[in-house]
Amino acid sequence: MGGLSLLQLPRDKFRKSSFFVWVIILFQKAFSMPLGVVTNSTLEVTEIDQLVCKDHLASTDQLKSVGLNLEGSGVSTDIPSATKRWGFRSGVPPKVVSYEAGEWAENCYNLEIKKPDGSECLPPPPDGVRGFPRCRYVHKAQGTGPCPGDYAFHKDGAFFLYDRLASTVIYRGVNFAEGVIAFLILAKPKETFLQSPPIREAVNYTENTSSYYATSYLEYEIENFGAQHSTTLFKIDNNTFVRLDRPHTPQFLFQLNDTIHLHQQLSNTTGRLIWTLDANINADIGEWAFWENKKKSLRTTTWRRAVFRSFIAQRDRRR
């Protein structure tokens, strides 16, 4: 199992090799290349050899497929913003393509959405599809929605990245990142260009400190998912929520969670307590540009008190 972990790109070797590679972005909208199709829970993945111009290659060993995350291009990664990039369509079969290596993702998503009648909006993952294994934050959302279509696609034509497999659709209950597939053509084959994690490392591993990161989970409830106007609630506990109405960072949500607990503002009844953020709150605190450039979040008592005084201005209690 461990030997099947997602291959990683060593940053130093990637930078050195970048002068000698051609990067071809495989966007489904831009290129009409044949892809594998999910049929009856089986995966048929097109061989890469059939997709390249062989007169440009001395050997197909020079060709490496890599998953690149959209968050590196600066897209908003909070749940309200991300869900606006996804939409439902009918009559279009899912397509998949495999890739050999991938980046670590700062933000991944995991959806469990039901229709008003209780049926599932999203299909289960086909056999062999595992969640994206390198996520700093996993945004787990449950809820309901009209889900007007058979499958949830990316409106910009990007892929949903799973463990070494990119799909055009979202699968239920599986971690994924948004991204595209690039083909790297190396000047000469290098066996060490793509390195595998330790052989005993688990695929969905979160605790081994040797990987220099740990996965944190944030939970949400979404109402009217897939419609033009939806409501996203950040879950503090089973009866306490915060309504999210603007872009924000994961670090801000953790600060919010800590502040509500610190000031004991949890629901103390069987009803639901829903906090509404003050319009003057800065939700961009602790933004991370990339893994290597982490800004220290301001975990001070002064900050907590200021946020507390401001965001508790409004609240809504439902029973």
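Cβ coordinates come from backbone N, Cα and C, glycine included.
Candidates considered were Cys135, Cys147; Swiss-Prot assigns the disulfide partner of Cys108 as Cys135. For Asn238 (N-linked glycosylation site), the nearest neighbour among the recorded positions Cys108, Cys121, Cys147, Asn268, judged by Cα separation, is Asn268. Around Asn257 (N-linked glycosylation site), the C-beta neighbours below 8 angstroms that are at least 6 residues distant in the chain are Phe234, Ile236.
Each of the disulfide-bonded residues Cys108, Cys121, Cys135, Cys147 was scored by how many other Cβ atoms lie within 10 Å of its Cβ, and the smallest score goes to Cys147.
For Cys121 (disulfide bond) paired with Cys108 (disulfide bond), the C-alpha to C-alpha distance reads 19 Å.
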